[in-house]
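A short write-up of the structure that comes next.
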Amino acid sequence: MIRKAIARVVERQDLSEAEMIEVMDQVMSGGATPAQIASFITALRMKGETVDEITGAARVMRDRALPIRVGKSVLGIDRDDINLDRETILDTCGTGGSGTNSFNISTTVAFIVSACGVKVAKHGNRAVSSSCGSADVLEALGVNLDVTPEVVERSIAQIGIGFLFAPALHGAMKHAIGPRREIGIRTIFNILGPLTNPAGADCQVLGVYREDLVEKLAQVLKKLGCRSGFVVHGSDGMDEITLTGESTVAEITADGVKLSKVTPEQFGLERAPLTELHGGDAQGNAVIVRDILSGKDGAKRRIVLLNAGYALVATGKAKDVAEGIRLAAETIDSGAAMKQLERLVALTNEAE
């Protein structure tokens, strides 16, 4: 199948979701050669991946992931577009690869949202383009990444947050590692991670490194069963809602996908230059995360509050972003968010 798929994609013909599933099954089962994998993902990148193609690939990755089973939780605020009888799990995993050298914003957000009573299954990996990915900063903060799926499940169930280390849960990806590394360009695999949470997160805030991916990945998440969420991109290139200027936001609701542009001023937040949002290596970013969770003021706190505000809307904990920002600020200042970090560090290290 992959040889036929390569020939079609080279001719700029789109594959159906079913055809993409067949190709990715071949890739992830070891049935395709490294040359075939490299040729296929390069041709796909040049053509441009469609919603159906990304959806099909994500379904295969989800099916082959080691599952993380999480018990049911109940939302704190009744929103008409969210079914309270269903499980609510949030992921704040983004694509990375923004090249803006920002600190770990979505990881910081995860602790705040979990302290608000939302179960968070934070999916992540080591650095893509920066010097510090979510796994790197969590390790520097003292979180033990080398734990069993059962420990991750217990962590989410008992304290409301767990880290899903992608390499440990997506073993079938090993067949694509070599070709991806050797061709050295962004491909469909750079956007699949946030779409394939092994805990089946049904609420997401997903940051992307290209504006044209915003609506596309929102449509993919909708097809994959996401009940509520946002796909976001900053005009400065950040895979977050930025403080430097305008951001593109796609909201996912029961009614579909709605695209909008937002600025910090809409929420009473002062803009900041990108330099004030820069991070560093894992140890430096760990200091930044601790500072924010300890209540330190400044641009880094503001961008975390803004993104946390959206996450709290996605999960139904806030009626709007302004309320979400207020709740996030209160949660930090009460010490509850820092407590979540301390509990995650303790639980993952007890498991050794």
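Yeah, the Cβs are placed from backbone N, Cα and C, and that goes for glycine too.
Feature annotation from Swiss-Prot assigns 5-phospho-alpha-D-ribose 1-diphosphate binding site to GLY94, 97-98, SER102, 104-107, 122-130, SER134; the stated evidence is sequence analysis. Secondary structure at ASN125 (anthranilate 1 binding site), taken from DSSP and collapsed to helix, strand or coil, is coil. In sequence order, GLY96, GLY133, SER134, ALA135, PHE165, ALA166, PRO167, GLY193 are the residues of the chain that are 6 or more apart from ASN125 (anthranilate 1 binding site) and have a CB within less than 8 Å of its CB.
According to DSSP, GLY94 (5-phospho-alpha-D-ribose 1-diphosphate binding site) is assigned to coil rather than to any helix or strand. For GLY94 (5-phospho-alpha-D-ribose 1-diphosphate binding site), the count of additional Cβ atoms within 10 Å of its Cβ stands at 30 [all protein chains shown]. As annotated by Swiss-Prot, anthranilate 1 binding site applies to GLY94, ASN125, with the evidence given as sequence analysis.
Listed in sequence order, the residues of the same chain lying 6 or more apart from GLU240 (Mg(2+) 1 binding site) and placing their CB within less than 8 Å of its CB are GLY94, SER98, SER102, ILE105, SER106, GLY207, VAL232, GLY234, SER247, ILE303, ASN307. As annotated by Swiss-Prot, Mg(2+) 1 binding site applies to SER106, GLU240, with the evidence given as sequence analysis.
According to Swiss-Prot, the anthranilate 2 binding site annotation covers ARG180. In sequence order, ILE41, THR187, PHE189 make up the list of same-chain residues 6 or more apart from ARG180 (anthranilate 2 binding site) whose Cβ falls under 8 Å from its Cβ.
Sequence annotations record features per position, and here Swiss-Prot assigns Mg(2+) 2 binding site to ASP239, GLU240 based on sequence analysis.
Across the fold, the C-alpha of ARG126 (5-phospho-alpha-D-ribose 1-diphosphate binding site) and the C-alpha of ASP239 (Mg(2+) 2 binding site) stand 16 Å from each other. Comparing the binding-site residues HIS123, ARG126 on other C-beta atoms within 10 angstroms of each C-beta gives the minimum for ARG126.
Under the three-state DSSP scheme, ARG180 (anthranilate 2 binding site) falls in the helix class.
The distance from the Cα of HIS123 (5-phospho-alpha-D-ribose 1-diphosphate binding site) to the Cα of ASP239 (Mg(2+) 2 binding site) comes to 15 Å.
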